[in-house]
Each structure stands twice: as C-alpha cells, then as structure tokens.
Amino acid sequence: SRQDKNSRVTMAAAANDSTADEKAPGTIGVGRYEEMEQDGASSTAKSRLSGLLWHGGSAYDAWFSCASNQVAQVLLTLPYSFSQLGMLSGILFQLFYGLMGSWTAYLISILYVEYRTRKEREKADFRNHVIQWFEVLDGLLGRHWRNVGLAFNCTFLLFGSVIQLIACASNIYYINDRLDKRTWTYIFGACCATTVFIPSFHNYRIWSFLGLVMTTYTAWYLAVASLLHGQVDGVKHSGPTKMVLYFTGATNILYTFGGHAVTVEVMHAMWRPQKFKAIYLMATAYVLTLTLPSAASVYWAFGDELLTHSNALSLLPRTPFRDAAVVLMLVHQFITFGFACTPLYFVWEKLIGLHDCRSLCKRAAARLPVVVPIWFLAIVFPFFGPINSAVGSLLVSFTVYIIPALAHMITYRSAHARESAVEQPPRFVGRWTGTYVINAFVVVWVLVVGFGFGGWASITNFVRQIDTFGLFTKCYQCPTPPIPDASWPFPGGLHNLTLLPPAPAPSPAHFFRHHRHHSRGL
C-alpha cells in the first residue's frame, strides 16, 4: 500500500541520515539536534520578540557569551596586576595566557564533540538534559576523571560567583559610601539570587550582548579617563619589586583568561556546537582590545598607587562617567554571577532529581540553596583582587588548563582513537605530534608557574590580607575616616586657651549667714 511504501521510505531516509552522521567527521547529528532546539523554542516562545531576546543558539550568541563572561570584573583588577608585574610583563602575560586559554578552550570543544558523537550513535537523547564537563570526562575517561573534574569545576565556579558578589559591593561603595561593603554584599546577594529563574545558557542572548556593551564602555572609560587625568605627582613605576607580587599578578591574568569553565554548557546551548572551535579565540582577541589599553593607561597614570588600590575605579575622580561605569559593571556582574552559577544549578538539579522538571518555579525554588554558601563566603573573604589570584592559581590552573590538556592526551593516546577521532587536529599545529607537544607544555608550565609559584605567591598575599584586615572585615580597603581636629572645641588650639583664676573659697561667716537666711525663708 501507499502507506507502507511511505513508511519504508521514511525508515530508509532515517537510516541513511544515521549512517551519514556516523561516517562524516566533525558532525554530531546536527539535524536532529537543531530540530530539537527549534521545537523547544517554538513551544515556549510566545512571540517573535521573545524569541529574538530570549532564545539564542547561534555562533554569534556563543561569541557574545564567551567575550562577556571572560572579561567581567577582572577588568578592574588588571591595572593592579600591572603594578605588580610591570608594564612589559603585564602585556606579555596577557598575550601569552590569552593564547593558552584559547587553546584549552579548543581542546574542551573537541572533547565535547567527541563525547556527544559517541552518545548520539548510542541513540542517547539530550532533549531535557544539559551536558556538562564532568559528564564528558566520565564518558571518555571514566568515573575517577569525572570525580576530579566535578570537584575542581564546582569549586572554581563557586568562588567565581563569590568574586562577582565581592566586586558588586566594592564597586557600589564608590558611588554610595553611606553603607559599608559588607552591607552591600548582603543586598547584592539577594539581588543575584534572582538568577535562579534563568533556565539555561540558551536564554542569555540579550544579557550576553548587554554585558559586552557594558564592559566595552567601562574599559574605554578607564583608558580615556586615565589619559585625560594624566600622571599623578611623583608617580613611580617600580614593578616588579618582589617575587610574591610578581607571581600574584601573573596568576590574576591566568584567572582572567581562564573563564572557559562554562564552555561545555555554552556549546550545548548552540544549534551547531561544532562551530565553536574558533569562537573562543575570536572572543579573546576582542577582549584583548579592552584589557590592554585600559590596564596600561591606568598603570601609566597612577603607577605604584595601584598596589594598595586593587579596584582601578577607586583612583579616578568621581564624575557622571565614572558613576555610569560603576552602574554598568554592577549590572554586568549580575549577569556574570548567573554565568558562573548556572552550571552549579545544573549539578544541584541532577543531584536532587529535578533537572528534567519542566516547571520553572520548582526548579528556581530548588536552586536557591546553591546561593547561600556563595553569599556566606563573600562575607568571609571580601578581599577584592587577592582572591582572584588565589582562585586562579589553585583552581583555574587545574580546571581549565591542566585537566583539559591531560584529558585530550589520554583520550587520543592510542592509534585507533586518533584514526577514528571526530575532529582531526589542524595542520598548522603539526597534527597529532604538535598537539601532544603543546598539551605537554601547557601542563608543565601551568603546573610549575601557575600552580607552583603562583600558588605560593597568591596564598602568601591572601594570608597577609587576612592578617591585616581579618575575616568578615566590614569594609575592605575603605578610605580611613578623617581624624577630628585636635583643637576642637577650642579654635586655634589649646595653647590659645586663656584660663581664668579659680574663685576664692567662701568664708565660714558667709556660710552661716546664708544658712540662717535660708532657714527664715522656710
């Protein structure tokens, strides 16, 4: 019959599509995945405007997400790192770690494509499931790698969210100092908790675009305002002076270009994830046009003063332009808090069995406990600047540099794995041999310089902050209130005060006369 014929044709077409997906390198069931995303979008979007602002999955959305998330609040601490490193080292480390971060982001994308291809050949369905980095490690290398990746990734994202809260309090203080920074942390912790209502990275389209616009304005404000301000009187550019400060600054830059801990989640939100390979490199190239001019200009203008001012905004005079930069960075830090926290929401949902729940309100309520420890840690360690270096050396070094490089080397260690790889290494890096050499260099460099020397320096500096300010400090690096004039309430000082001679003591006769008069009155 005609119906049976149509059924056979449909089954044959499906078989051909499946075979094509298995044979074609670099594809991961694109048609089925794209159709799944579009069906989900059409069932939830109520209007074209909602789809335009809310549902993103293109390569442009991924670029905005990577560029917006990468530069974040660290833009304000890079001048501080320049004062520790010196101008030349600061520029070179930015270029070097920018390339290294782009390379490991490329490795993560390759491993994701490999994992997804294998799973889709096994007819796995990711319709209501977001793939995460620890699941990629589990599928390719086993549960021990999964546990290590999960521990490092979650801890890094936890402290990444903490840093955003600290940055919010640090920035708002410069336009409203009637409340101390700890109180502002309470307030912004409650505000950032509203990110539990954003379902996934698929829904960050307008936020990613606005976030990048905001950081672009702030970066060029820092550069232009510093150049117009000029160098302060007696400015000194003595860095680097101490090894501790040098490696602390280097690990802050390592942290700057290590924001790809959410690469897998961003890729999963794309309609065609295989297009991600060069996106992070292009995002890094744009970010360098923001970080290099701003950090160099602020350091040129203020020099060694930045050693005691980890937030660059604190040294610039208050103007409407500076207030605008503060407000825009506050909004951007809210967005970046969501970027860092959303993978933690996913992990928590999977742990309690609500990840596939279609009720947004139930998922939002279930996510709230994730915000509580972030809130608490931001109050305990409000050290804006030094905490970036500590997180960079201890967590970022493994999460987004060492583990991806090692995982790629071990996944493709056999000749069979290399021959059947979904994505072959590019020719300009030397194919598999060149890839292996680059990965080995990344592991050794980050382990020795980033984790070893950087860990020693950043922890030393972090402990120094605790000794100086203490835990739960109320207002970290706040200006010291002015000491009252010692001459008050005597204008001109005590030396101008004229003392009157003491009154003579009353005589006994005067006392008895006064007493008799008082008695007659009664």
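Just so you know, glycine gets a Cβ as well, placed from its N, Cα and C.
Database features, via TrEMBL:
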- 55-448: domain 'Amino acid transporter transmembrane' (DOMAIN)
- 1-26: region 'Disordered' (REGION)
- 91-113: transmembrane segment (TRANSMEM)
- 150-172: transmembrane segment (TRANSMEM)
- 184-202: transmembrane segment (TRANSMEM)
- 209-232: transmembrane segment (TRANSMEM)
- 244-266: transmembrane segment (TRANSMEM)
- 278-302: transmembrane segment (TRANSMEM)
- 324-348: transmembrane segment (TRANSMEM)
- 368-385: transmembrane segment (TRANSMEM)
- 391-412: transmembrane segment (TRANSMEM)
- 433-456: transmembrane segment (TRANSMEM)
Segment-segment contact (the transmembrane segment (433-456); the transmembrane segment (209-232)) at 3 or more Cβ pairs under 8 Å: no
Cβ contacts under 8 Å made by the transmembrane segment (244-266) with residues that lie 6+ beyond its boundaries: 62, 65-66, 69-72, 74, 77-78, 80-85, 89-90, 93-94, 97-98, 100-102, 104-105, 108-109, 112, 130-133, 136, 153, 156-157, 160, 200-201, 276, 280, 284, 287, 291, 307, 339-340, 342-343, 346, 385-386, 388-393, 396-397, 399-401, 446, 449-450, 453-458, 460-461
Whether the transmembrane segment (391-412) meets the transmembrane segment (209-232): three or more C-beta pairs under 8 angstroms: no
Chain residues in Cβ proximity to the transmembrane segment (150-172) (below 8 Å; excluding those fewer than six residues from its ends, i.e. six or more beyond): 72-73, 76, 132-134, 181-182, 184-185, 188-189, 192, 261-262, 311, 313, 326, 329-330, 333-334, 336-337, 340-341, 343-344, 347, 373-375, 377-378, 381-384, 387-388, 391, 395-396, 398-400, 403, 476
For the transmembrane segment (209-232), distant same-chain residues with Cβ under 8 A (at least six beyond the ends): 64, 67-69, 71-72, 75-76, 79, 290-291, 293-294, 296-298, 300-303, 305, 312-313, 316-317, 319, 321-322, 324-325, 328-329, 331-332, 335-336
Long-range environment of the transmembrane segment (368-385) - Cβ separation under 8 angstroms, sequence gap at least 6: 77, 80, 158-159, 161-163, 165-167, 169-170, 181-182, 185-186, 189, 192-193, 196, 252, 310-311, 341, 344-345, 348, 462, 465-466, 469, 471-473, 476-477
Beyond the flanks of the transmembrane segment (184-202) by 6 or more, those residues with Cβ under 8 Å of it: 37, 55-57, 65, 130, 161, 164-166, 168-169, 172-173, 262, 265-266, 268-269, 330, 334, 337-339, 341-342, 345-346, 360, 363-365, 367-368, 370-371, 374-375, 378-379, 382
Cβ contacts under 8 Å made by the transmembrane segment (324-348) with residues that lie 6+ beyond its boundaries: 65, 68-69, 72-73, 75-76, 130, 132, 134, 150, 153-154, 157-158, 160-161, 164-165, 167-168, 171-172, 174-175, 188, 191-192, 195-196, 198, 200-201, 204, 207-208, 210-211, 214-215, 217-218, 221-222, 261-262, 265, 313, 355, 363, 366-367, 369-371, 374
